[in-house]
Structures are given as C-alpha cells and as structure tokens.
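What follows is a short report on a single structure.
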Amino acid sequence: MDPFDSNVAANLPRNMIENSMFEEEPDVVDLAKDSAAFPTFPALDPDEVVYEPRSSRLLVRGLGENDMDEDDEDCESSARLLGMSFMNRSSAHRSSSFPYTRQAPPRSCSRPSARTTVVCVLFLVIVASMTMVLYFLPGCTFTKAGCRKTNKTTPFEPVYPLSTNGKLFPWAQFRLPRSVRPLSYDLTLSPDLNNMTFTGRTVITMSVLHNTKIIVLHSAHLNITKATFKLGDQETRDVTVLEYQPRQQIAVQFSEEMKAGQYCVLTLDYSASLSHTYDGFYNSSYIHKDGKKRVLAATQFEPLSARKAFPCFDEPAFKATFLIKISRKPNYMTLSNMPQAKSTQLSNGLMQDEFEKTSVNMSTYLVAFIVADFTPISKNVSETLVSVYSVPEKKEHTDYALYTASKLLEFYNNFFEINYPLKKLDLVAIPDFLAGAMENWGLITFRETTLLVGNQSSPLEKQLVASVIAHELAHQWFGNLVTMSWWNDLWLNEGFATYMQYMSLQKVFPQLDIGNLFLAVRFRALDKDALNSSHAVSTEVNNPEQVEEMFDSVSYEKGASILMMLNAWLPGEQQFRKGIIQYLKQFSGLNTDTEDLWNSLTQVSVSAQHHNVSEMMRSWTSQKGFPLVTVSRKGGQVTLTQEHFLLTSDKATYSSSLWNIPVTYVTDNCSLGHDCIQMFNLKTKSGTLELPESVKWLKLNYKNTGFYIVHYGDEGWAALKDALSSNVHVLTQEDRASLIHNIFALSRLGRVSFYQVLNLLTYMSNETESSPVTEALLQLNVIYRLLDKRQEDSLVSRMKYYILDRFGSLMDKQTWGEEESVSKQELRSALLGSACSLNQENCIQQAKALFKQYDQSNGTSRIPGDLQQVVFTVAAQSNEDWVTLLHMYHTVTYDAEKRKMLRGLASTQDARHIVWILKAGLRGDIIQTQELPLVISTVCNGFAGYLFAWDFIQENWDRLIEKFPLGSYAIQTIINSATSQFSTQAHLDQVQGFFSSLKERGSQMRSVQEALENIRLNQRWMDKNLPTLQKWL
C-alpha cells in the first residue's frame, strides 16, 4: 500500500519513496526492531500486563504477546503519519543540507567532472549522516551531566482501560489471570417468568495461587447490587466491583496483596433480565394443547454465556463444584445438573429447589438449569436414572430417545471402562433451542426435532435422533470428564464426540446404517478444508468471535476424520481404544491439550512402526488443509507425490506443507475385503512402492478412511473407469463414492477436465448403491444451480437432460410406499428429490397425489418419512397448496414433520411468499427464529429466492447478529447459504463491499473470507468450464 497521497509521491524520487517508508519520528520506538536501544525487560507479573489502546499503537510496537491486532485502517493511518511527518521534518530541518531538497533548476549549467561529482556526493552524505545523528540523539548526550542510565529492572508501567465508573480497570487481556482459582460456587437464583427477570446470589470460594492484589472474573449484562469479600479468617467486608464491558469482565482490587496458599470468598448479589436470544439464562415458550401460551426458562452457556447468568470464571480450565438453588412457582418444576436434594416453601408462596452439590469438578459452560412444566419418562441403567423430559403433550414421542440413551450409556460405560459418574442423566427437549443439542453434565438439552420421534417415524428420522444422542453422551467423557484447556483445542471435545457417535451407532444400532452418513460428512469436511480460508484443527483463538467460529466442520468432522484415520492405521482393533482409555483415566477431571492425547496413544503403542503417534498426527492438527496424493506408474514402480490440496493457490499462499500420510491401497488382484488392504507411509514429498506389472489398476484410500484426495493421472482414471464399467462391484460402494468425490474436487482444482468427470460418470448407469449415487447427484446439482443462477438457460436445460438421462431409469424404479432399509430410503430420497426438482413429470404427479391424499385424510393417511420432504416441496410450488401447507404447519405437533413442512414452504418460487417467510422467520411469532438459518438456506436454493435472501440479509444484518452471535454456526450458515451460488464479478464486488462496510460488526469473520473465496472459485470454474459444458452436454 502506498503510504503517501498520490500527488505527494509523484514528486519524490523513486529511492526516496521506498526508503522513507522506514523513516520514523524520533519519539516513535519500534521495540521489535531496535532491541539494542532498549533493555530486555523481565517477564511481567501474572497480574501486570500492558494494555495498548488504539491511540497508543503508533507509540509502542513489538511488545510481543501483548501486541494487539491491528485492522487495515490502523496500518494505513500509521504509514501515512510516519511518511507525512518525515516530509514535514525534511522541509523544516534539512533544507540546507539534505540531498533530496528540490530546487529550481538553473537555466543553463555545465556538466561537472566525475571527480567533482564523487567529492560532492561524499560531502553531502557525511553532512546528512551527521545531521541525522544529531537529530536522533537525545540532548542530554552533550551535557556535562550526561543521560540517565536506563532502568534495566523496572518494566513498563501498565496502561489499563477504564471501567464503567471511570476508574482504571486492573486487567487488560482477553484471558483471565491465573492468580486465583475457583474451588466452589454456591448459586441462588430467583427467576420471575411474569416479568422475564431474575435475581441471583453467587458465592465463590477461591484458592490464591500467586500473590496478587486483584480478582478478575466474567460478568455480562448483570447488575451487581452488592459485593462482599472474606479473606481467610478475616472479617467479611464490602468491596467495590469494577466492570469493563467490552471484555465482559469484572474485578475487585485490594490495597494489600493476597498471599499464595490463602483462601477467600467473594459474594455477589445481582439482578438481570432473562435473555431474549438463545444463550445465557433465556426465556422460551410454547403453545399448550389448550391454546394458551406457556413460558419457561432454560440455559445455554457454551461457549461464553455462563457469565450472563452468574458472575464466574468463564473459561474451560477453571473447573469447580456447584451447589445450585432455584425458586419457582408451585405449578413449575426445576432441573439442574444434579438430582434434587430438597424443596422448601418460601414465605412469598414460591418453592425453592436445592440440588445436590456436584460430585465432579465442572467447567462453567457445562452448568445448566431449567424452570418449566415438563413431563418425564425414566429408566434405571447401570445405577444411573435416565430420564427424557418434554412438554406434556409430546410425552408419547419420548420412548425412542429413552431406549436409545439407555443402550448407548451401557455401551460407553463398557467401552471406556469408566462408569458415567453422576446419579442421573436427563435428556430434555426445549421448544426454543438454537443448537442441535448441548452436553451439559447430567442435563443434556436438545431441540425437539433432535430428541422426539413418533412410533411411526421412519428409520431415517430415528437415525438423526440416535446420532445426536450418541454425540452428546460421548461428551460426558470427552469434554465433561476430560476437557480441553482452551477453545483452540475444541476438536478434543467435538472431534471425539463426532467420531464416537458414528462408531457407537455402528456397534449398537447397525440397522441404522450410519456409515453412509459418516462418509458424506467426511466429503463435506474435505470440501471446506480445501479452502485457503480454512484453519488448523488446533489453532489460535484470541477473541469471542474466534471462539464462536471454532464450532465448524474442521473441529467436528475433520477432527472425527483424522481419528478414524488414526484408528485404521494403528495395529489391531483394540490399540486405539486402549489409548483413549489411558487418556481418560490419566486426565480424569482435568484439562488437556492435543499433545496429551497423542502422548497417551503413544504410551500404549506395541509396534515400533506405530510408536510415535505424536510425530504422525501433529502434521494433521497443526496445519490447515490436507494433502493431494498424485499417482504415477511405470511398469511395476508406482511413485506417490504429495502436495497441499489448496483450491485458491498462488505464489503468496504456496505451501510446502508435508503430512505423514498412512496410505492404504487395493488392486485388481484383491479389492473388497479387509485382508486386501496394503499400507504405505508417505512422510516425504514423494515415495515409491512396487507392484507386480500384471496389476491393471490400484485404488488408494480404502473406503476413504484417510483424509486426503487422490489423483491417478489420465491412465489411472481411465483404468478405474473401465474396471467399473465392466463390473461395478469390483470396488466397495465407499470407494466408488470417493472416486466420484475426488474427481469433482480435482475438476474444481483444475487438475482434470470436466470431460474426464463426465467420462467417469458413464459407469453410473449400472450403479445402484446409495453413497455413489447421492454424491454424484449432489455434485451435479451444485453445477446445475450455478448455471441456473447465471441464467445459462440452454446449458441448464442440457444439464437437466443429462441428469435425467444418466439416472432416469433408477429414478423410475423407486417406489412411493413404506421402506424399512435406511440405505434404500437415502437412495430414494436423493433420486426422487432430484427428479421432482427437475420437474420430471412422473415424479411431480406422484408427489401431488400423495399430498392430496394426505390433506383429505384428516390425519389418517401418512406420507413415508423419507418422502415427506419431496412431497411438501412439490406442494409448495402451487399457490393453493402452499396456503394449505402453511395451515398444516400451524397445526401439526410432530416436530420432524413440521420442519419438513417449513422447508417445503421456503422452497416456493413465489416472490410474495418468499418475502413473507423470511420476515416471519425474523419476527419469530409464527416461525421460530431458531429456524431462520434453515429458511434462508432453503430459499437460496431456488432461482426466485436467492437474490431476495441476499437483500434480506443486508437489510437486516444488525437484527441477525442480535439474535445469533457473530461467528456462530447460525451466522456461518446464513453467510454461506446466501453467497455460495454467486459466480460473477458483480456479485463478488457486492458481497465484498457489504461485509467491508460492517467493520467490527462482522467484516473479519472467517466465514466472510470463505464466502469471498467460494465466489472467486465459482467464477473461475465457470469461466474455464462453460465451453466444455457447451461442447459435451
């Protein structure tokens, strides 16, 4: 960036423009560069840290870990100020001696001799150097007394921000100091559901770890009315609480130091409003079957919202015990992490429920409590009372959840060889809940759609519920018993829970056929991680926005994928299990980082080849992305070469990253059984393996258990295509699906032509399995929608013809009755969904007939669960049926069906209906606001809706980030949905301009960078492949 105004720079010689960028004011000190001029200071005390406000950033640079991030505006203004001050100083102080002072040229002059020129230049350089020395040296250098010696022991006096009361706040970092540690919390809460407020008292007992004069903790939107403090045996005294709202921190400051080893108690009384968003202690409601509105209050604290319900040390590493008391009306009930100990009648007519003190140390984000009128069903499992709670009229939909949770709890107790540590385990369906579920210890909360299923529900609907329950129960060990130290290692919680959810269901409920779903989410994780805007599995987290953004596919699905890869690499079925049991037992009740996990797995290793797990796995967690393995073959010699698979690749982002890749492969000699797998470790840029020359083809990454993509070269792809054309079952369905995914990814990268993609798909006429068909349809539909949004009408019609021609016979074979097989339901749903979206006549007629029958049956007729989405989407394209569907949405009580109706309503191509449903989702009266991300993503799929949705987001951005935190998964979904089908420069400029204008209201989010990158990639793919599509379709 040019640091000068253009008219000033134009008048400067080239070398002056370049050099002056590094000239600085004499009072501007760059400590990072000029270490010789200033002493090295000792490490700061844990409670003393430099706070560098925005206005001071030009004065002090290079303070290491205390530097604060700068935005582009800061950089530009700094550069301009330095450059302009140099110019001013040049004219004021150096007019007579500086060699670059511009003077009017004489009318005529003679050329000086070479000797004269050299002497003059030397003279001018000496004069200029002396001038600069005199200018920069302090005046005291030439005095009799001389300069004072630099104090080499005293650090900078910290500069602190101001509290809300105008006093200095004694802490200046995002992370809390480690001087004190909470031991226990005694919480008393009194919610008022009539006025949507609550009061509370928090008593925190702490241990002093380091001498300190301050206690700093978190509090957000709490009005603290009284604070008292007691140190050891001293008298309790009132104290003043300082608050710094930008970091949601409060502090108590003392005149005398507390000493390490002492104990103290801080008591805080406060009041607050119940949150109207989906975090903290928030209000919710539902309509009872009598038509009346019922209100309730529930909590959602992960990641940073426990501080909105009670003052606390709201970081994962500050574990403590909790004793909780909650008052309520007699017709309500309360729930918390522990069983209820007693209930007391209060003088004001309310009841106060007191819960047992937690028998385990917990992080604050796992605390939970609910005030509602829910109804439970219960069962004793391995000395634990397992209960499922719901609103009374949905009690009949809780049986499957109780059965599933009971089975999975028994499995995890045995698998981990550590019994679930609490006396009870509640699973609660909350009417208003943004996340899918939350693993609060002993009180797991869910959306109704992820916990409740009817007896007549389809296996696909049961698969969803079982999957979410399995994930949250796995967290009771991974996340609750052993917790990551900080949010940078969130994957230790979420990656493990995701892997265990799929692994446990394959063992406990094989009929749910969860493998296809796990394969599909691994493909999507690869797609996301191929972007330059991705991040390492374990990455730096320095502000609330970054914490929220860690809840993404990298932490969840990529984390699970690399664990699956590790399990497949380790010898024997039990090796991985032994390692994680070792990890859980060694760190039970503690906090860990990624290296602790790898060390535990290394300790139980029995093979020299697999000894150092840390060495292998560090390459997968410490750098973003994944490798592309390219295969080249000469006779029996196969060379494997690895490089970073990076869709946005240029010299600036070139990566020389290497991975330790456990390559698996099969050949035409043996390709289907587990015994066929051969292994090769690729640690370097390239490696060579030997094969018999008689081998016709090889397929790498058996069943896609590795997190990498493979390019086989022209001959290799041709050989695999020929093999599949001859016998589709020569490879497993997972391997066939991974070939399809990989070749589309390589086309997006530009390594294969789209002709090669279409050539591989010629084998699909013989394909009948779910995974390859659904992956191919997904990829083709992405291209179809891009063409549709670009209004390439002739290509849209040709792509439609191509899909129907390639898959039409398989579409026609699908039935419209009940189907028990999960994989057949997945296949049918994908095929008929595509057929109807492409307006295939037979599909449209069947769907309309089913909807009419359903509408006229008065609830006696039922649409199969896997076909409901197709039927409701077709119905919504008719104005009359859209109104009918909206009426059904109002009256239906079964949540899974209700959500499919909502997606159907949002798929309309009627402009007035689109505008209505977007506004209704934002209002939250008819359509719950928690469903707005789903509404927007569905609207964006249609040609009529995607521009409406983008306009809607721009107009309502401030309201959106009031309801959903910046960086949250909901905001990520909204941004991705609205922009993922843009592929023109005009749209790129528009998206870039909008988000740039937001500044601190969202411009720096990773999801914004991802959106811009995706638009550029769409644009690049279209520019490159439109001619090919026109030729070959």
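Any Cβ shown, glycine's included, is placed from N, Cα and C.
Keep in mind that what you see is a predicted model, and the values were worked out from it rather than measured.
Per TrEMBL, the features are:
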- 117-137: transmembrane segment (TRANSMEM)
- 182-366: domain 'Aminopeptidase N-like N-terminal' (DOMAIN)
- 400-620: domain 'Peptidase M1 membrane alanine aminopeptidase' (DOMAIN)
- His471, His475, Glu494: Zn(2+) binding site (BINDING)
- Glu472: active site, proton acceptor (ACT_SITE)
- Tyr556: site 'Transition state stabilizer' (SITE)
- 697-1016: domain 'ERAP1-like C-terminal' (DOMAIN)
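Feature map: TrEMBL annotations on the structure.
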{"residue": "His471", "record": "Zn(2+) binding site", "contacts (Cβ under 8 Å, 6+ apart)": "Ala437, Ala497, Thr498, Met500, Gln501"}
{"residue": "Glu472", "record": "active site, proton acceptor", "contacts (Cβ under 8 Å, 6+ apart)": "Leu427, Ala437, Met438, Glu439, Ile444, Phe446, Ala497"}
{"residue": "His475", "record": "Zn(2+) binding site", "contacts (Cβ under 8 Å, 6+ apart)": "Glu439, Asn493, Ala497"}
{"residue": "Glu494", "record": "Zn(2+) binding site", "contacts (Cβ under 8 Å, 6+ apart)": "Gly479, Phe551, Ser555, Tyr556, Gly559"}
### Message
Taking only the residues in the domain 'Aminopeptidase N-like N-terminal' (182-366), give me the average pLDDT of this model.
### Response
96
### Message
Residues other than His471, His475, Glu494 within 8 Å, Cβ to Cβ centroid, of the Zn(2+) site?
### Response
Glu439, Glu472, Ala474, Phe478, Gly479, Asn493, Phe496, Ala497, Thr498, Met500, Gln501, Tyr556
